[in-house]
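The domain 'Formyl transferase N-terminal' annotation in TrEMBL covers 6-182. What TrEMBL records for Gly15, Ser16, Asn17 is N(1)-(5-phospho-beta-D-ribosyl)glycinamide binding site. The active site, proton donor annotation in TrEMBL covers His112. Per TrEMBL, site 'Raises pKa of active site His' is recorded for Asp148.
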Amino acid sequence: MNRKVKIAVFASGSGSNFAAIEQACSADELNAEIVLMVTNKPEAFVVERADKVSIPVAAIRPKDFETKDAYEEAILHALRESGAEWLVLAGYMRLVGPVLLMAYPSRIVNIHPSLLPSFPGKDAIAQAVAHGVKVTGVTVHLVDEGMDTGQILAQCAVDVVSGDEDKTAEAIHAVEHGLYKDTLNELFSR
Ligand code: GAR
């Protein structure tokens, strides 16, 4: 098997995608190794998940820095120490800025719970349900300076459960974990 790709996973919340990626790496279903979990929210549940599987955590709060560049320089320092080659955003609820984009050109990937370019930004599932669309889905894309505007790598449609955000979210999460694994494998084998 090829050398494992070193990845840093970025997350801000529950971390179900982080857990799915970690399990895929451990089971050799994803040719990668998580060398760092980066979060902007030290209190997020994803930190517990990372601790449990002994993955190093960089919990760095934006409000501890005067500028976004300084915040991202601190992240970059931790990334360089970890040897991360790719950044995998998994529920990281911040717009990536120039410091990280320049350090990892075309090497930052994101998963978003809608069929982009529909419903970018926050609360994509709630937006889709409120809009009354019948089909939404999941997109994996490269990250650029825009809000969920980078090159689309993969998409999968998911039916909206009429008026029910929770059930729609459940269906979306079930698709996300497999789609992210498959897309990352494809990307890392290029
Ligand atoms: C996921 O649904 C992911 O697609 C979304 O946050 C959720 C995180 O769930 N990301 C975005 O909305 C990015 N704009 P998780 O913490 O359980 O992985």
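Cβ atoms are placed via backbone N, Cα and C, with glycine included.
Sequence features annotated in TrEMBL and their locations in the structure.
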residue	record	Cβ neighbours (10 Å)
Gly15	N(1)-(5-phospho-beta-D-ribosyl)glycinamide binding site	23
Ser16	N(1)-(5-phospho-beta-D-ribosyl)glycinamide binding site	18
Asn17	N(1)-(5-phospho-beta-D-ribosyl)glycinamide binding site	23
His112	active site, proton donor	23
Asp148	site 'Raises pKa of active site His'	20
Output field, N(1)-(5-phospho-beta-D-ribosyl)glycinamide shell: CB within 8 Å of site CB centroid, site Gly15, Ser16, Asn17 dropped: Ala11, Gly13, Ser14, Phe18, Ala19, Ala20, Ile21, Val46, Arg49, Ala90, Gly91, His177
DSSP state at Asp148 (site 'Raises pKa of active site His'), helix/strand/coil: coil
The residue listed as 'active site, proton donor' and Ser16 (N(1)-(5-phospho-beta-D-ribosyl)glycinamide binding site), Cα-Cα, nearest whole angstrom: 13
Neighbours of the residue listed as 'active site, proton donor' among the recorded positions Gly15, Asn17, Asp148 (Cα to Cα, within 10 Å): Asp148
